[in-house]
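Quick notes on the structure that follows.
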Amino acid sequence: MHYYRYSNAEVSCWYKYLLFSYNIVFWGVLSDLTKVTGLHGLDPVVLVLLVGIVMFTLGFAGCVGALRENICLLKFFCGAIVFIFLLELAVAVLAFLFQDWVRDRVKEFFENNIKSYRDDIDLQNLIDSLQKINHCCGAQGPDDWDFNIYFNCSSESKSREKCGVPFSCCIPDPAQKVVNTQCGYDVRKKSKSQWDDQIFVKGCILALEAWLPRNIYIVAGVFIAISLLQIFGIFLARTLISDIEAVKAGNAF
């Protein structure tokens, strides 16, 4: 394949290799999304498949399109990034307009993961971190832990954790230097009026809803940063396409 350089039109090496580098970073970000496949609220096989297809297709189109100066691949890459950008905007708008539906889906997702709490150590650590950071317990309250067979209060359960909650639901004792992982045992056998002294009683959905207004600038900043990154990728692709078309137009004469 021959590359032509003209005094009045040439393909910028800066844009070419910037776009290539951009794709390497973008590829890495997409690959990190597969880490959420351990969440049992999602089908891991489907998610890995979808992320893998998107990651490979965009990475191939962007990298090969930039290095080989292929307009078709660059246009596909640019169009895909525009589509993802518009999709994100649509999801954000719909989530704002249909908050009750989103709340129900989050509740369902959280409850599904409560059921699998003891089945996956990564999932367990994630839920524990979420509950400790937000000072919450369960999706809507401590009784949501009845969804888990180990914490269920039913008479059929033989677990020592029966009618309890994970230690991450417990109110920490500043005097204790070692975490008491058994602090939630049997706590739900007591009357609910006694729970306040031992565990967090607020559900994590309510805690997250309260967290969002307090951190709206952080959320907005992250969203703007992601948007600018995508717009930058679109700009690089469009600029490189324009350079290649200019070179081809000059070569035609």
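Including glycine, each Cβ sits where the backbone N, Cα and C put it.
Feature annotation from TrEMBL assigns transmembrane segment to 14-33 (among others).
The transmembrane segment feature in TrEMBL is assigned to 45-67 (among others).
According to TrEMBL, the transmembrane segment annotation covers 73-98 (among others). Beyond its flanks by at least six residues, the transmembrane segment (73-98) meets 23, 57-58, 60-62, 64-66, 223, 226-227, 230-231, 233-234, 237-238, 240-241, 244 of its own chain at Cβ-Cβ distances under 8 Å.
The feature disulfide bond is assigned by TrEMBL to Cys136-Cys169 (among others). For Cys136 (disulfide bond), applying a Cβ distance below 8 Å and a minimum sequence separation of six or more within one chain yields Leu130, Cys169, Phe200, Lys202, Gly203, Cys204, Leu206, Ala207.
Taking a C-beta cut-off of under 8 angstroms and a sequence separation of 6 or more, Cys153 (disulfide bond) has the following same-chain neighbours: Asp146, Lys162, Cys163, Arg188, Lys189. Sequence annotations record features per position, and here TrEMBL assigns disulfide bond to Cys137-Cys153 (among others).
For 216-237 (among others), the entry in TrEMBL reads transmembrane segment.
Cβ neighbour count for Cys169 (disulfide bond): 28 (other Cβ atoms within 10 Å of its Cβ, all protein chains included). Around the Cβ of Cys137 (disulfide bond), the same chain contributes Gln131, Asp144, Trp145, Val165, Ser168, Cys169, Ile199, Phe200, Val201, Lys202, Gly203, Cys204, each under 8 angstroms and 6 or more positions distant in sequence.
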